[in-house]
Structures are given as C-alpha cells and as structure tokens.
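Peer 1: Would you mind keeping the following structure in view while I ask a few things?
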Amino acid sequence: MTVVPGDHLLEPEAAGGGGGDPPQGGCVSGGGCDRYEPLPPALPAAGEQDCCGERVVINISGLRFETQLKTLCQFPETLLGDPKRRMRYFDPLRNEYFFDRNRPSFDAILYYYQSGGRIRRPVNVPIDIFSEEIRFYQLGEEAMEKFREDEGFLREEERPLPRRDFQRQVWLLFEYPESSGPARGIAIVSVLVILISIVIFCLETLPEFRDEKDYPASPSQDVFEAANNSTSGASSGASSFSDPFFVVETLCIIWFSFELLVRFFACPSKATFSRNIMNLIDIVAIIPYFITLGTELAERQGNGQQAMSLAILRVIRLVRVFRIFKLSRHSKGLQILGQTLKASMRELGLLIFFLFIGVILFSSAVYFAEADDPSSGFNSIPDAFWWAVVTMTTVGYGDMHPVTIGGKIVGSLCAIAGVLTIALPVPVIVSNFNYFYHRETEGEEQAQYMHVGSCQHLSSSAEELRKARSNSTLSKSEYMVIEEGGMNHSAFPQTPFKTGNSTATCTTNNNPNSCVNIKKIFTDV
C-alpha cells in the first residue's frame, strides 16, 4: 500500500480473485462489455483526508523519522499538521518529506505531536536554536509560551495603547521614541534637558557660584553669614530670580512638567500611569523646584526671614539628583539593569540577609578579640559594624584594623566569608541580566519584521523591508506561504511582502483576520 501525500489515493486491488463483495466497475468500449475497469475508490471526506492511520516518513537532514498521519493531524494549524503547508517539502522520488533542519531538535518536535502538546527542549540543543525550530514548524504562540515558561523565562508584559487615534499618536510620540522620527526628536530633546539639569545641579555647588545660604560652608563662613544675614537677606532673595542657574532650572522644569502632563492625559490608564516607578521619579524630580520657589517667595514676603530649615532645604535640593534616573526612559541599558534588579530581588534580599548575619557575627568576634588592646579602635560592637561591612565587601579602607593575632584571624575569616557570600547569588543575577539583554536584542532584531498597527501601514513597511533584504541570499525553503483562516487569495493582486524567510500578505478591508501578524509567522532557517 502506497501513501501519496496530498491526494492519498489507495492503489486499487486486482479485479479478480478473493471473496467478499464483488468489485464495482463499469463497461467500456462500445455497446457491449469488452473489458471491465474498476472505479477508483471514493475520496475521503475533507476532515478525514489526511487524518488516517497511514504512516508517513519525515527526513530531517538525513535522519529519517516515521509516524502516523493521525498523530500529525492533532495540530492542523502547524506546519506538519497542515497538508497544504507540508506538501512543499514532499519528495516524490523517495516518498518522504525532507527538511534541512536541526536533527536533535526534531525529537522534541515529534514528541510534541505524540504527547498531545507537551514541549521539552533536548539538553544538547541551545535555547535559541530550539526557539527557531518552534517558529519554523509553526507550533504556535502557546507552545512558545510553554517552552519559555519551562526554561524559566519571565512572561513579557503587554503594552496597551489608547483607543482614540489622537491620544494614541500623542502617547507614541512621548512614550515610544522608536515609533517615528518626531518621537525620536522629542526623546533627544528630553535627554538634552535632563543632562543640562544635572550639569546645572553640579555647577552651582562650585565655590564661585555657590549660594552660601543654601549649601554647607566652613565654620568661619557660617559666623560671617549669621552676622550679615539681616542685611543681605533681602538683596539675596531679590537676586535669586535673576540668577542664571535659576533661569535655566526654570526652563528645564517647564519642559519636565509639560512632558509629564502630556503623557498623563494621553496614557491609556491613569491608574497604571500613577503606579509606574518611572513616572513617580518624574514627579519627584520636579517637586524640589516648586518647594524651593515657594520658600523664596515666602522669604521675600517675610522680609528675609528664614521660611524653612536649612537642613530640610538641603535635603530637598538633594532630591534633584534623582533626575538622572529619568535617563532610563531613553536608555535601554539602564532599563535592562532595572529589570535585572527587579527580577533578582529575592537573591539580593538573601545577599543582604547573609551580609547582616556576617556583620553581626564578625563585629562581635573582633570586638572581643581586640578587647585587651587599649590602642584598638573597636570600642564597641556597633563601632565594629563599619569594619565588618568594609571587610566583607573586600573594600578595606584601613581606617579601622585589628592589631592582635586573634583580631587578624577574625579579619581573615571575615574577608573569606564575605567573598563567598557575595559570590553565591551572582550567577543568578548574571543569568537574569543575560536573559533581559538577549530578549532586548532579539526584540530589536524582530522589530523590523513585526507588523505594527493596521493594514494601511503595511505597504510602507513592506517597501522598507524589501530594500533592507534586497541583497540577501535566501534558500528555497526560506520563503513559506502562510495561509491564515478567512483569507481570500483572489483579493491579493499585490506582491506579497517578504520578511527574511516568511511571506505575508495583507488586505485593505476591515476584517482583522486579513492581516497576518509577522511575529507569529517569523521563521528562521
């Protein structure tokens, strides 16, 4: 019995011999029955055409696998489960399907069909190669999500967009610099304003620019300031608004406030926007200016009387340094670092807990070891906390050090314990960093292939992708016609746009199924 993929017609049995029902046929040649020809067997139903119990041979780079068609038909939306998709790989001479793919990976791919949807990566196959195989065989997003969860990857959060067109355009303009040229220009302006604000914050602390009333000074300067506070208070308050640093700071705050308000009114969810840590940093970055401005106005109305404690005012001014974290909105590196720290909070908590135990243990030990030496600087266990922290982190400032033999032994053990304690959670943190880094890199590579927005924007994206891929050399198996449900091929007079190793088409009707998601069909050979 021979299996012919596509038609799957069984060879007719001989007309003569055998028992059972007589063969059905018809007479040919003239009015009489000169000879008898059996009729071909009836074609199976549409749903049963390929889902029979016949066996099929799959050749993966020379390694032959054999399975039943009904096993593959469990997942008709995949490459092997759809007879039309896998037909292009059929070799009629050898009566088998040939795929020039990774051989060790196909053990897990075939097990996916045999087990009813369980995906397991072979230990000798790298994660990135197995991910490419899942995409090539089109196992679907659900299989990819299961695989990533089994490998310990974090689930990517969806980024909703506003529903209104104008609101969505404004949100993309200020939140996603890579969305368009104007958005990239706004991001550059925002980065420049942040850098100018940080430079001004540092320069105004120089002695020639420093306002002695707001920043610490030497004791003699404090006495001189107190003596002349009554005479110079009003004039200094009057000149504060004409200070160049104040003018530049005001311009920066105007931009920060404008950017924050626009993003707040254009965001898809006000509650989510208010809980975002980056937005809270934006709010904290502009609050010190308004507090300082209110203090200056209160001093002018109070004839130079101090309206706020200098210590509180200096702390408020110090909060301005958090503006540097605003750069993380425009820096992929800082975002990766923040995501790594967030994902490694448990490991960091364990590290701090271990260091806390070590500090208590070794500070107590060194205190009692140095108790008999009057020249020792370890006057109490709390005083030894600083020495224990510096020693366990292998910094070693040298301001406090043991002098006795017992103290030196304790110090040696403290340093060794610190090295071991810090080294334990480092591999996990590095693994998280590598994951976020490779995910960001993979996202940037696939961003040029992904279909973003509606169908009406596809033509321009297709033209750009054709230009980008015009010089690439592709094998015959790289271009795959992806057929989605509900698509009418007669409605596609235009040339399909090709994304590396996949082919996608899009109509201009209002059917959401007429657009093919490039992320779902992206394959690699």
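Even glycines carry a Cβ here, placed using N, Cα and C.
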Peer 1: Test of record reading: of Y89, Y397, Y449, which one does Swiss-Prot tag as phosphotyrosine?
Peer 2: Y449
Peer 1: Tell me which residue from N59, N229 Swiss-Prot records as N-linked glycosylation site.
Peer 2: N229
Peer 1: Do P207 and S376 share a side of the membrane, as Swiss-Prot has it?
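Peer 2: Going by Swiss-Prot, P207 and S376 are on the same face of the membrane.
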Peer 1: Look up region 'Disordered' in Swiss-Prot and report which of 1-23, 139-161 it refers to.
Peer 2: 1-23
Peer 1: Other than its close neighbours in sequence, what residues sit by the topological domain 'Extracellular' (368-408), given a CB gap under 8 Å and a spacing of at least six beyond its ends?
Peer 2: 355, 358-359, 362, 414-415, 417-419, 421-422
Peer 1: Using DSSP, how many residues of the topological domain 'Extracellular' (368-408) fall into helix, strand and coil, respectively?
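Peer 2: Breakdown, helix to coil: 18 helix, 0 strand, 23 coil.
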